[in-house]
Amino acid sequence: MIVHKLLLVVVLSSFHLSCDAVSPETIKVMLYGQRRALANIQTHNVSSDCMEGIRKMTINNTIKALDSFGKPGAGILAGNVNWLGHFDECTSLDGFQYCSIIFNVSLLQSVGSIPFTYGLCAPKECSDVDIYNGIDFFIDKIPGLDGIISLEASSLPTCTKNPHRAYDAKFIVTVIFFSLLFLLVIASSLYHAWYHSPACRSMKDSTLIDDQTSYPPKEDQAPLVSHEDPSKSPVQSTSIRGEVGPARIGTFHSVIFSFALPNNLPKLLSGNMSRDSIPCLNGIRVLSILWVILGHVFSFPMLIEIFNPLTGLGWFQRFGFLLVSNAFFSVDSFFFLRLTPAMAVTMLFYVFITPYFGHGPFAQTLSAREDCPKYWWTNLLYINNFYPIHDAQICIGWVWYLANDMQFFIISPLIILPLYYIPWLGMSLIAVLCAGSMCTTAALMAVYNFPAAIMDITDITTATQSDDTFTDVIYNKPYCRITPYLVGMLLGYVIYKYSRKSIKLHWVIALLGWIVATGIAFACIFSLYNYYNIGPWSKAANVIYQMFCRFAWGVFLAWVVFACHYGYGGWVNSLLGHPAWAPLGRLTYTAYLIHPIILSLFLQHQGSPFYLSLTLIAFYFAGVSLLTYACAAIFSLTVEFPLVGLEKLFIPRN
């Protein structure tokens, strides 16, 4: 138990520097007194297996284990109160496991309780309950600590054994599934290359000649070689002379070629767009998903410990940082189709494969998937924004928006049909739904007294302790998010109804539209500058902002698309509508699904608290974005594009 005593000495003596809560006499008692308390720990709180493991510890292992314990470093007053220790040193010792435990430390009444994470190295025979009970009992017996330091009551220590996770049947089955999928893509690609090779073409030509010689076509049968104009035929064949013409591929080959890289890669990389498409949407999609990734690059480190959290809090007072803290608008800028297959494959990979990739003090926590066995089906039914009730319980938490998107899609015929047959009724319905959504948001904001800023850091010590969070009540609910979708539906009707040449605007009107739209976007993003720098807003101001901000953002996006489509976009349309955006735009959905997994895997390999630096995060953002699109391309070529091809083959559209 000398290990436990030295641990408490290190921790508590460091806090003595800040608050004089622990006197030298207390430390002396910790080292040389409380023998009866330690005996009680041995006999009543710690299992016999754990005590046996402690007795087996050698001097060399004890020194190395103690060296791997977390120790106080510089910057305590700057927020560096998480001492994780050395994960690799601990796990390299035979018979030891790395554990992290959370203390609640109350330094000053004005600050409140601060969570404090500590890393320690314990024998493998000690369970998380043993470690919790032993340290909790020991703290209670130290004089002068009552009300100053306590263990987090809701969580046991998190311990990582080496190897930290054994391969189970679910992992093996999932690996087999992905292996077969990749083998199918490779085999299909090789067969596609052979099928279109000169050797195969000559074989088909000779077979065709033999068939025509032996079995001449009857008068009531179509000839094997068509003499129709090739330009009028939608399919291609090979003539007897080996010239490439219209060719007919059977259903079997169409199914096989749906998985072939030579068939799908040109579709992905093509910059061509149909005449009826809206080119600027590709640029909007790509910039929106990059905005999502940027927001997550800044927010995901909050899932682990931060070396300099006060530095991050200071960023919120910077004007330009509002582009990051208000990145929540990014998800209102696009919607997805063909959601289920790609999301199901992502769930398989995330739940059964990624937990084996992590290695570090945060890996055990970030690889936990306890809620997925309970709630995975809610994702496939697109009700995960209603059930489970709390956002933190969602399996793959970032797919909450897909539920909104699907719910909007399901109810859209109730709006589109009146809009098509009785336009005034459809427009009235859109107006009523927008008003209802905004009023609902306002009422919920008033009842729950939520702040205007979703990332509220103005008064951390008095943050609500209620189980009802802004995300659970407002942020992920369709009745609070539907206004941008409704504005988009109205814009879609206008584009459908009026051709590009039928709407003429005076240049003054167009310029005024851009000024107003830019002002709206500026207000949505940057109006919170005073909130972070001057102080919290009044309740009425909070309600008004959240009531109108999403509708206003939808109006801004609608103007950008309208102006670009009808020729009033200028350089904005030239930028957003450039063909280079098209390939990246096709990867938007898979990038949305994949990028949180990449961020999580990156954080699982962090061996120390995350250091906040704008320059470092800029590098992280660039690397994560590049890796996201690379993985999204692989995902799309192996999963999304083949399934789209099969859908078009078996469920053709008129």
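The first residue you see is number 1, and the count goes up from there.
Heads up, the Cβ atoms here are built off N, Cα and C, so glycines get one too.
Features of the protein shown, as given by TrEMBL:
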COMPBIAS  217-231  compositional bias 'Basic and acidic residues'
DOMAIN    47-164  domain 'Nose resistant-to-fluoxetine protein N-terminal'
REGION    211-239  region 'Disordered'
SIGNAL    1-21  signal peptide
TRANSMEM  171-194  transmembrane segment
TRANSMEM  283-304  transmembrane segment
TRANSMEM  316-337  transmembrane segment
TRANSMEM  398-421  transmembrane segment
TRANSMEM  427-448  transmembrane segment
TRANSMEM  482-499  transmembrane segment
TRANSMEM  505-531  transmembrane segment
TRANSMEM  543-568  transmembrane segment
TRANSMEM  580-603  transmembrane segment
TRANSMEM  610-635  transmembrane segment
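A Cβ distance under 8 Å defines the sequence-distant neighbours of the transmembrane segment (482-499), meaning residues of its chain 6+ beyond its ends; these are 278, 332, 335, 404, 408, 412, 415-416, 419-420, 423, 426-427, 430, 433-434, 437-438, 550-551, 553-555, 557-558, 561-562, 565. For the transmembrane segment (283-304), same-chain residues at least 6 beyond its ends with a Cβ under 8 Å from one of its own Cβ atoms are 323-324, 327-331, 333-334, 362, 365-366, 398, 455, 557, 560-561, 575-578, 581, 584-585, 588, 591-592, 595-596, 599-600, 603, 606, 609-610, 612, 617, 620-621, 624-625, 628.
Each residue in the domain 'Nose resistant-to-fluoxetine protein N-terminal' (47-164) gets a DSSP state, and the totals come to 35 helix, 29 strand, 54 coil.
Within the same chain, the transmembrane segment (505-531) stays apart from the transmembrane segment (398-421): fewer than three Cβ pairs sit under 8 Å, each pair at least 6 residues apart. Long-range Cβ contacts of the transmembrane segment (610-635) within its own chain (Cβ-Cβ under 8 Å, at least 6 residues beyond either end) map to 268, 290, 293-294, 297-298, 301, 304-309, 311-312, 315, 342, 345, 584, 587, 590-591, 593-595, 598-599, 602-603. When each of 171-194, 316-337, 398-421, 580-603 is scored by its Cβ pairs under 8 Å to the transmembrane segment (543-568), the top-ranked stretch turns out to be 316-337. Residues 200, 256-263, 348-349, 352-353, 356, 637-639, 642 of the same chain lie 6 or more positions beyond the ends of the transmembrane segment (171-194) yet place their CB under 8 Å from a CB of it.
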